[in-house]
Amino acid sequence: MVTKAHDKITTSQATIIMVNYILVAGIFSLPRTTVQAAGTPDVWISIILGALCSMVTGVIIARLSQRFPGQTFYQYSTSITGKPLAVLLGLVIIGYFLAVSGYELRTMQEVTMFFLLEGTPAWAVAGLFLWVALYLCRGGINALSRLSRLVAPLAGTIFFGVCLLSLKVFDLDNLRPVLGEGLSPVWRGVKPTALTYTAGEALLFIVAFMDKPKRAGRVLVIGTLISMIFYLLAVVLTIGAFSVEGVVTRTWPFIDLIRSFEVNLLFERFESLLLVIWIMQIFCTFCISFYGAALGVSQIFNLKLDHCLFLLLPVAYLITEAPHNINNLFAFGTGLGNVAIVLFGLIPLPLLLIAYIRRAGS
Amino acid sequence: MKRFILLILSIAQIVLLTACWSSAPIENLNMEVAVALDAADESRIEEKFEAEGGDYSKRERISATYQFIVPQGAVGSKKEGAASRNFYNMTETGDSIFEAIRELSLRTNRQPIGHHLKVIVIGEKLARSTKLSELLDFFSRDNDIRPSVLVLVSKGKAKDVLNNVLPGQTPAFVLEGIFGNRNRSLRIWDPVTITKIVGPLHSKKSFLLQNVIAAENEMKFAGAGIIDGESGKLSGFLNEKELEGVVWLTGKGKGGVLKTHKDDTGRLITYEVKTMVSRIKAVVEDGQISFNVKIESKGRYAETFSTDGDRLDTAFMRRDAVELEKEVRELVEAVVAKMQHELHADVGGFGKSLRIQHPEVWGKVKDHWDQTFSGLPVHLEVKLQIEEYGASGTATD
């Protein structure tokens, strides 16, 4: 099968892959989407709760995958639900992975074309991205983990640096009062975090590559916690600068936050720097979900992974260009979040129970 | 053969995929550094253009004056003496700010770019008649223009502010730079950028914008303009002294002068503010809202005019501090009275305190806060502490 002997990753490699998979383009609009839903500055609590929810569902998926060491979901689901249902479920998940990669790429495209490369045609931005992604994915999970390891520290450093500078426009009063309207707005703010957090699905195939699959749960929890810090900072600082009323008027509030100050430190403006590293970050997410989709096709239909990658590339591009305006894109994102809640929040638990009852797996 | 094809492909890749797609050499760009928005008033040049047939369909509402930097490269190396200016202004009149700047493309070959826009100055006449959100919509939406752009108002014509400056300086940078003097004067308001404006505009809160005026070839920060939350338009001005009152009230000062004449002798005392803190406490008793303001400051004697040459002992310093406290109290009371009875706008952060300290009460009154606020009692407590007297330990002989 595709899982070659040398294609194993360590626990820390898996964690970094998880972090890179969880950190997505959603950070650009997260402050707005959560505040729109909640209407109070307390959404930072929603961000924490969102992380916890995602951990709970993620751990179930981790448990499920641990029962079948060395196997991906596409392979082991047959022994839980039987062939026809397993193929159907596999196809839905492949579709989801593809949709996520398309959505990420499109968001990246929108943001870069607006703030960074005005005048560069969309196909040129997407094309380069897709070809490099293809090249990387052909290298397998180890190539992905290497890229993630390369990008993560860089992204972290620049992100935290930029956040520190944005304290210039921060006003704590915009975040107060805490829980002024009680807990109900906080709950409303949790749902929009779904798309930015959903992480468990990557475990459906990553656990199969881990040299110590027993640690899948730890990988998920640590990965989610690290990502949570990024999201938390972005949301808190953005609301601190713009206030709740201001955040909702901004299309990409987090980028506007970085555009809100000028500091004379080597550079004067930092949004291009942030965008550049965040494009790499989105690239990682794209590659991981794209790889997950291709792996699924290859394992369900017994095709060579390389062929599947080539096969799915145009599909990913079509999904990328499908939303014809920005509202479609945002609706697409919300829809994806809803699908994720059903697909990875509700389904894994019954699957785990069936596997347990049927004594499938170890 | 295979190697040859590979080579051709690689070269094609390098040619097609590298370099910046939409780069433009800096000499071909017009860097906008400031914009002045005024009620329609066509410039002489525009009138002449129109007489020659250079006109387009528009309702004349806004005159937008753009200040551009002359790129160093475009001027060449020849020095034309101190009289040469490193900026120039162009005015376009119309109803759309965006169309106005695109109309400039008919007058110059250099494309205007907004990446380096620093300030927007809005003239009184326009600000009183048009909603600020309409005037700033283009600037907060455009991708070139950053939310860090400062917004000011001008009692008078905003255009004149951009004209008047000392040789060798650019008005846009002078305006931006004056905000750096906040540790020197208590009569400069917080620099308000688009970032800080979108929230209040969207939630219909009143706020202040620094006012700048022009005379001869200079400009001056003179008080502040009040943007009324309900109407979103300019509704009045605070003069320098009133602005100083607001600065004390909000504790936003970073340093400056406080001056008073002693009641009995008429002796002048000046106090240099080192620190300033203010706390507004919202009190709700039986549904009745009131505010307790506590202002504290530490500083030093800057001047202590006196004819006796007294030793500046503790009792002496305390007596002077009381005088100064009285002055602060007068400043703040005057401006609170003006906010409540004349302007009907809360720009001192009372609403913010209520929102944070009593969110449930705020929910009930926030819709017509400015009106509600006008009738609420405000109690003041001022505490000044003179810490030192500089290098001279006595009052002046």
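Placed from the backbone N, Cα and C atoms, the Cβ positions cover glycine too.
Over in TrEMBL, the protein carries these features:
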- A:12-31: transmembrane segment (TRANSMEM)
- A:43-64: transmembrane segment (TRANSMEM)
- A:85-103: transmembrane segment (TRANSMEM)
- A:115-138: transmembrane segment (TRANSMEM)
- A:150-170: transmembrane segment (TRANSMEM)
- A:190-210: transmembrane segment (TRANSMEM)
- A:219-244: transmembrane segment (TRANSMEM)
- A:273-294: transmembrane segment (TRANSMEM)
- A:301-319: transmembrane segment (TRANSMEM)
- A:339-357: transmembrane segment (TRANSMEM)
Contact yes or no, the transmembrane segment (A:301-319) and the transmembrane segment (A:339-357), 3+ Cβ pairs under 8 Å, gap 6+
no
Should anything in the same chain at least six residues away from the transmembrane segment (A:12-31) have a Cβ under 8 Å from its Cβ atoms, list it; otherwise answer none.
43, 47, 103-104, 107-108, 111, 141, 144-145, 148-149, 151-152, 155, 192-193, 195-197, 199, 202-203, 206, 209-210, 215-216, 218-220, 222-224, 226-227, 230-231, 234-235, 238-239, 242, 247, 251-255, 278, 281-282, 284-285, 288-289, 330, 333
Counting Cβ pairs closer than 8 Å to the transmembrane segment (A:273-294), the top stretch among A:43-64, A:115-138, A:190-210, A:339-357 is A:115-138
Paired segments the transmembrane segment (A:190-210) and the transmembrane segment (A:115-138) in contact, 3+ CB pairs under 8 A:
no
Long-range neighbours of the transmembrane segment (A:43-64), counting only residues six or more past its ends (CB under 8 A):
30-31, 34-35, 73, 175, 179, 186-190, 193-194, 196-201, 203-204, 207, 216-217, 219-221, 224-225, 227-228, 231-232, 235-236, 239, 344-345, 348-349, 351-352, 355
